[in-house]
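A.B. asks: Residues annotated as Mn(2+) binding site in TrEMBL: Cys139, His141, Glu175, His199, His393. As annotated by TrEMBL, domain 'Peptidase M20 dimerisation' applies to 222-309.
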Amino acid sequence: MSDIVKTMIADRRRLHARPEEGWCEFETTYLIVARLRALGFEVWTGDRAVDPEHALGRDPKLVEAAAARASAHGVPQVFLDETKGYTGAVGVWKTGRPGPVTALRFDIDALPIDETTDAEHEACRGGYRSEIPGFSHACGHDGHTAVGLGVAAWVAENADKLCGTVKLLFQPAEEGVRGAAAMTARGVVDDVDWFAGAHIGCSARLGQVGVSHHGYLATTKFDLDITGVPSAAGSPEKGKSALMCGAALCMSLGSLPGHSGGITRVQIGKFNSGTGRNIVAEHASLVMEVRGETTEINDYMAKAVESTVSGITAAYGCTYDLRRVGEAVTYRGDEEAVELIKSAAAEVPGVDSVVDMNAKVGSEDCTVLIRRVQEHGGKAVFFYFGCNHHGHHRHDFEIQDETSLAIGWGVFTGFLKRTNGLQAV
Ligand SMILES: [Zn+2]
């Protein structure tokens, strides 16, 4: 096993033990930035990596608590100040030789899921189970981050054999499709000629690489707060019930008609309201999402949410605040980039199968970065490097890091050899 692969596995386990949710990845970002700087990368952090105006679904209270936790765990204050409260980073390597700008994207956040304590679970066996109660890397983004750092080490080692510029995007807050919009809006991919992103697992088993031509549903995530007028239950005419308004909205939004043009989805995931039996509820909140097979169909669903909320809150005499807190578009890969990934994957040790793999019903905010790259004339691709798992977003998600990470790393570095290599890297 090479030193880079050993380091990737160690990094992944270290990250696995300290999972941080979206926009809260301070310990993670510190590890990334320190490593990139040590390797000689120019590093963009804070509002140079993401546009705060487009930081969707970022809760300042959670961010503050996460920064305090990171500080208590040894992240220097000077670094926390540098981030200005915004996680994520971009590592830039300019070879000084003319050539294309290539960006690779790695998402870094974890999920609010308690990790299993089953003694047979990989992380329990290996002694790197999550140390943060209620959170775990149940989607493998710890593996993505470790692969990104492994690619960074490879770029530094092989810099004299590369041309052009390599950008490594360590994106915060993929869960809830929140972070990519902020990196896109900051302009970090506006000059990019080649782009690749990937996910571990999904439908790809260990040893398999799936390359994607098209897919993913466009999606919009909403948070809704409803405000009514409280009153005693004995005088209901003096109140406006946010609870009844919210309940009516759950039924109306949940039964929005679909679209003949393709797949649609609507999901209300959470509804909170009420303070006591004999009080007309003043507040209600909903978290929900819609999806569509095309960006246009998703827009149709999102507009239907807006008009339904507006109409039903008016009917109940309530006011509301409806916020878009996440977004992703559909994906279409560029065939030239798809072919480069396929030929790179075919050469990676441990890969026994390279297949076409198009995600039909999931969503992934890498699509937002990809769309921007393509709008500027760049070519982009998304692929999967496999692992064997029981399902993503589960408390027992596993990735077999000793085998899977080297495969992801091999495909990304093979892509770079093809886009930015002088002969025979
Ligand atoms: Zn994921």
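Just so it is clear, glycine is given a Cβ too, placed from its N, Cα and C backbone atoms.
Thinking about packing and proximity, how do these listed features fit into the structure?
C.D. replies: Taking Cβ-Cβ distances under 8 Å and a sequence separation of 6 or more, the neighbours of His393 (Mn(2+) binding site) in its chain are Leu111, Ile113, Ala138, Cys139.
Secondary structure of the domain 'Peptidase M20 dimerisation' (222-309), assigned with DSSP and counted as helix (H, G, I), strand (E, B) and coil, comes to 31 helix, 34 strand, 23 coil.
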A.B. asks: According to DSSP, folded down to helix, strand and coil, what is His199 (Mn(2+) binding site)?
C.D. replies: strand
A.B. asks: Long-range same-chain neighbours of His141 (Mn(2+) binding site), Cβ under 8 Å, sequence gap at least 6?
C.D. replies: Phe106, Asp107, Ile108, Asp109, Ala110, Glu174
A.B. asks: As a check: which entries in Cys139, Glu175, His393, the binding-site residues, place their Cβ less than 6 Å from an atom of ligand 1?
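C.D. replies: From Cys139, Glu175, His393, counting a Cβ under 6 Å from ligand 1 as near, the near ones are Cys139.
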A.B. asks: What average pLDDT is reported by the model for the domain 'Peptidase M20 dimerisation' (222-309)?
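C.D. replies: Average per-residue pLDDT within the domain 'Peptidase M20 dimerisation' (222-309): 97.
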A.B. asks: Through the lens of DSSP with three states only, how would you label His141 (Mn(2+) binding site)?
C.D. replies: helix
